[in-house]
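Just below is one structure, and these are the notes that go with it.
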């Protein structure tokens, strides 16, 4: 990015921040202007009222009187994007997968093969593809290859993804970018599609997982030799291959590397604007209802009502996080009874929301520095550590991928007596003796998510209640991939591997079944939060579900 471009963005950002701060000071009772006019007694009462610990465990009051109206975030972001227009993509963010790097002459356009990053704006891969197309004065196309089934993903995840893609297609139309939905494996369809449309280059996303890597290799093998094939990491703030060239042992070994590179990569993201070069041929229209009905996936796991698919839904959730929950994150993120989390993982997983955009906007909040630091540790360091693990460890989802000490201790205790043994079906249906575990599982079933603290407890109990570590890991991954909106993701695999196999952790005091793997139990959870309150909430979920089932049966 040029120095002139950076200076322009900084000046614009400073102006925008000053303007928003002045607006806030007029009507926000939490600002210094208002605060100084309050009496000492009022200030004392205000501190007591807003203290997270003052409510006897109740949800703390959120900031009141914010000057920002609904939709402020999108308006602010659009201004920032436009101010960054013309800024180049950092070349370290991309790599050529083909032997040739020369753009094929006599082409009819450029193709961005969208896969992991399913959004138009804040997408470095699409930005780079558009910059190539602009340089050659050619049309820009986007395609997405829809496989009818993927691992243990269900209708829940597919519907969320496809409704987000429908939003992508609509935005593409408004920008004069052609959107194509191809059906089937990329390796079978993409190379011939490229030849048919005479594309001069193909740009695609980065994904460290096994099947997407196989797709890349197959496409690379069958693409015309004179068509450049370029991969751009638009999912990570620091590109995976730049953060580290090897498998990192844990957060402490990668944190410094990522932090050192953030100033280079955590830049403002330019706008994807209307493309000035129209295609002579239009993409085939997509019948989205037909696409949804043609899926070969399990449909008993339905959609959830709390998560609006698409980038617009993700931006709305980000806005609510910044306004309502961010300041609670540092102190209350490990308490499942508090609404202190971002809830952004479904949109970040599907790429409907850019992690870099999230970081940029959260960092602008100057009154929640502790929470901002904690959140960036989770969103950047821990999440990108998960990509590192999956990219450099082919056995990221099985016991073979564990550290030697962990494999040995699990093997040493594999035959230990278990007080309880449950089948996969019993676990999926929350039929255990542990009401906290059952409540967490019901949350996953009903909401497509589970509180982060309970994910650890949940997976560790599966290790304790199944016949072997291999079976425990298999069931944990199956349930997460099947039920969670952010399933089939590096974060999910690493979360299960951390809980069951000690990945990115150390050995602890040896005990039955777990060996030296970190132990968690019910009593420990009771010391952390009001377990009974959480259990009551999801017992009610079970009762409501049973009532709905009875009503449905009576109607039939």
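Glycine too: its Cβ is placed from the backbone N, Cα and C atoms.
These numbers come from a predicted model, not from an experiment.
Annotated features, as they stand in Swiss-Prot:
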type    : residues      : note
BINDING : 333           : DNA binding site
BINDING : 478, 479, 480 : FAD binding site
DOMAIN  : 108-240       : domain 'Photolyase/cryptochrome alpha/beta'
REGION  : 43-65         : region 'Disordered'
REGION  : 378-386       : region 'Interaction with DNA'
Outside the region 'Interaction with DNA' (378-386), six or more residues from its ends: residues with CB under 8 Å to it: 236-238, 240, 243, 248, 250-251, 254-255, 258-259, 262, 333, 342, 348, 355, 358-359, 489-491, 493-495, 504
DSSP-derived helix, strand and coil totals, residue by residue, for the region 'Interaction with DNA' (378-386): 9 helix, 0 strand, 0 coil
Secondary structure composition of the domain 'Photolyase/cryptochrome alpha/beta' (108-240) [DSSP: H/G/I, E/B, coil]: 59 helix, 30 strand, 44 coil
Lowest local Cβ density among 333, 478, 479, 480, which the record lists as binding-site residues, within 10 Å: 478
Candidate binding-site residues 478, 479, 480, pick with smallest Cα gap to the residue listed as 'DNA binding site': 480
Residues close to FAD site centre defined by 478, 479, 480, Cβ within 8 Å: 152, 475, 476, 477, 481, 482, 483, 484, 487
